[in-house]
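Okay, structure first, notes after.
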């Protein structure tokens, strides 16, 4: 695929489906990210305390505690057994993401995602080389390292530098020099490593990936027979290795994207002009037999 | 290696190389993170933790930096440390007594808000809080120590007459006045910081310090004779020989009052 066509990814979908349909999931995702930020800002900005706290730990409407399970895990290995409130909060979050896909957190909630998405968008526009590409398993190694360091130092180690909570807490409480770290990630993703942070290094993403291994909500390449090999999905997907087994599968191969790396961002659904992809659940292994053209009335 | 040995599998070689690479990279990254984590423990002396906060090393394992204590503090005393601005570990709650002291709410809302127990829910009486200990650090500038009657730290103390008392002594400068020395009694001081906040001097003469800086400690094995005796109701060791007291006078080495009175006995070897 040429650099030019990469920069143009999604043009065909816009022409066929219209701009809005070709950005449906992206817009919904941005709305979701904005929502999860605004709901925390309603209190400090307008005195409307629906939600108090940060992404690390919060209290909604005075009753619903939510705690980041990765932060809780670090606290546990550091030697502190938290109070029940934090444990219940962590269990609720664990259950939800185990159901809808761990990395849904990455693409629908995490405030760093718009930063790295923008870096990737600019990266494509400028036609930059992909740069340093450490293995995707690096983040798992880093996750292990974080837990070891937490245990050895007796601190919640990753929270000292975690750009996710740093940015979120920064926006809600005041950021200090935290913006420099966020800018650092933007520059890293733009010039050093394409999809470098979220795709290869972030230990929080690694944790949520593991969490969502058996999740229900999945993207399916149901209409893969209609694929015209435009490669637009590969150009926009932040974890594009997950597409291949589903899209290139033949016959009875599952059309589901089952890799825990998939963030369920839905961008592949947006940019596909022939609507190969759709959201479904993990037990839906239906595959279209033949190209679903309007003329084809034998379907079903 | 014998030449006849089976060639090693390239996959195995690859695997070992990759593993070594990852392990080395993680060792470097982990060391940097561990350095930062150790560094984060150095809490600046003027940054005080909220009431009920676990000792600093336990606190950093327990606090998830959610900010719920900050939100529920009715006096906006607490804030979360910002990276590179405040010295405390990023995102952890603290307050600076000279800016906004702790008002010692009866219901301790910050502790109630903490989801993890980093602020110990066992603290139910705010008077038992130990956020630090007030220390009168500068007697030379304290107005009371100069014989004036400022008394502000004493008057504003929420635990007045227990945590701070005024101790009377003679003013040798004027010769006929008193000095009312503000005196902190650490076992009653909660470290709320109101005294430091209200000190009238441009730079407070009384400051709340972390307990590690504010206090010494008595050695485990020390026994105070007068306390032990009072507890036992009689001398600790019976039948002690009552040795002669050193009285002033000839034949002794007491030079403070030479020429005093002669002892009623002669110490051996001192009579000449």
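Cβ atoms here come from the backbone N, Cα and C positions, even for glycine.
Just so you know, TrEMBL annotations never went through curation; they're auto-generated.
According to TrEMBL, the protein has these features:
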- A:218-248: domain '4Fe-4S ferredoxin-type' (DOMAIN)
- A:254-282: domain '4Fe-4S ferredoxin-type' (DOMAIN)
- A:34-51: transmembrane segment (TRANSMEM)
- A:71-100: transmembrane segment (TRANSMEM)
- A:140-158: transmembrane segment (TRANSMEM)
- A:170-192: transmembrane segment (TRANSMEM)
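Across the candidate stretches A:34-51, A:71-100, A:170-192, the maximum count of CB pairs under 8 A to the transmembrane segment (A:140-158) is reached by A:71-100. The helix, strand and coil residue counts that DSSP assigns across the domain '4Fe-4S ferredoxin-type' (A:218-248) are 16 helix, 3 strand, 12 coil.
Sequence-remote contacts of a segment are chain residues at least 6 beyond its ends whose Cβ falls under 8 Å from one of its Cβ atoms, and for the transmembrane segment (A:71-100) they are 56-58, 64-65, 146-147, 150-151, 153-159, 165, 207-208, 211-212, 214-217, 264. Each residue of the domain '4Fe-4S ferredoxin-type' (A:254-282) gets a DSSP state, and the totals for helix, strand and coil are 5 helix, 5 strand, 19 coil. Note on the domain '4Fe-4S ferredoxin-type' (A:218-248): mean pLDDT across this stretch is 92.
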